[in-house]
Amino acid sequence: MTFAATVLTLYPEMFPGPLGASIAGRALREGRWACRTVQIRDFATDKHRSVDDTPAGGGAGMVLRPDVVAAALDSVAEPHPVIALTPRGRPLDQERVRELAAGGGVTLLCGRFEGFDQRLFEARAVEEVSIGDYILSGGEMGALVLLDACIRLLPGVMGAPSSGVEESFESGLLEYPHYTRPVTWEGRTIPEVLRSGDHARIAAWRHAQAETDTRLRRPDLWERHVGARVGSPSGARREKD
Ligand code: SAH
């Protein structure tokens, strides 16, 4: 099955862009995913082909018109989830990426200027997704990030099927640190346990490192990981959030 990516944008030339190279590029050529763009400006109705207007209530910048963006969206016949990239959206995580990759595709709305008219999201059942707590100049880079994360999970895309499973976040923890040759580099030596050949000890060390690093670097993830353990009071509290 081909994963169908449809991207609504004012800059269709940005796609597939970097997704035409490396793993995603090969998957594209193999037909594991397809990338179709829709130029939002083609759905403008006035003689200036305008897609934006001044913000209601005043203030700087311009806002994408809901009628124009909705017309572009309505032209897409795909049955897949519609996601708008916006810093106000739910932060993208590996769980949502996994769900999307398991579906048949996704339709992505890329904002520009100050963003979208909020009524669009209510009128068209659009999910709002953010790729992080910083502001991009447009949704296109966010769409590329989301697609890259999905594409590598599609069947047949990654070389070794196991490499996707141990990755950071898949288990709710950051991944353990990696090392490779040379054994000693600039006076620093690879941890002895990794050179021991003792697979049980290596697995235990990696698990302990993953836990320690997650606790120190990402207390937010650690809290959720601990809370998710069966029977813990903080797990019960999280369920209700
Ligand atoms: N005025 C908006 C930012 C607009 S940035 C605000 O302060 O919330 C212009 C466009 O870039 C947005 O419409 C969105 O599509 C995209 N964008 C910016 N930051 C993003 C982020 N963190 N995640 C996803 N999309 C983002």
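The backbone N, Cα and C atoms fix where each Cβ goes, and this holds for glycine too.
Just so you know, TrEMBL annotations never went through curation; they're auto-generated.
Per TrEMBL, the features are as follows:
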- 6-223: domain 'tRNA methyltransferase TRMD/TRM10-type' (DOMAIN)
- GLY111, ILE131, GLY132, ASP133, TYR134, ILE135, LEU136: S-adenosyl-L-methionine binding site (BINDING)
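Everything TrEMBL records as a feature, shown here on the structure.
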{"residue": "GLY111", "record": "S-adenosyl-L-methionine binding site", "Cβ within 10 Å": "25"}
{"residue": "ILE131", "record": "S-adenosyl-L-methionine binding site", "Cβ within 10 Å": "20"}
{"residue": "GLY132", "record": "S-adenosyl-L-methionine binding site", "Cβ within 10 Å": "11"}
{"residue": "ASP133", "record": "S-adenosyl-L-methionine binding site", "Cβ within 10 Å": "7"}
{"residue": "TYR134", "record": "S-adenosyl-L-methionine binding site", "Cβ within 10 Å": "7"}
{"residue": "ILE135", "record": "S-adenosyl-L-methionine binding site", "Cβ within 10 Å": "7"}
{"residue": "LEU136", "record": "S-adenosyl-L-methionine binding site", "Cβ within 10 Å": "17"}
Express in Å, rounded to the nearest integer, the largest CA to CA distance found among the S-adenosyl-L-methionine-binding residues GLY111, ILE131, GLY132, ASP133, TYR134, ILE135, LEU136 named in the record. 16
Within the domain 'tRNA methyltransferase TRMD/TRM10-type' (6-223), what mean pLDDT does the predicted structure show? 96
Neighbourhood of ligand 1 - binding-site residues from GLY132, ASP133, ILE135 with Cβ under 6 Å: GLY132, ILE135
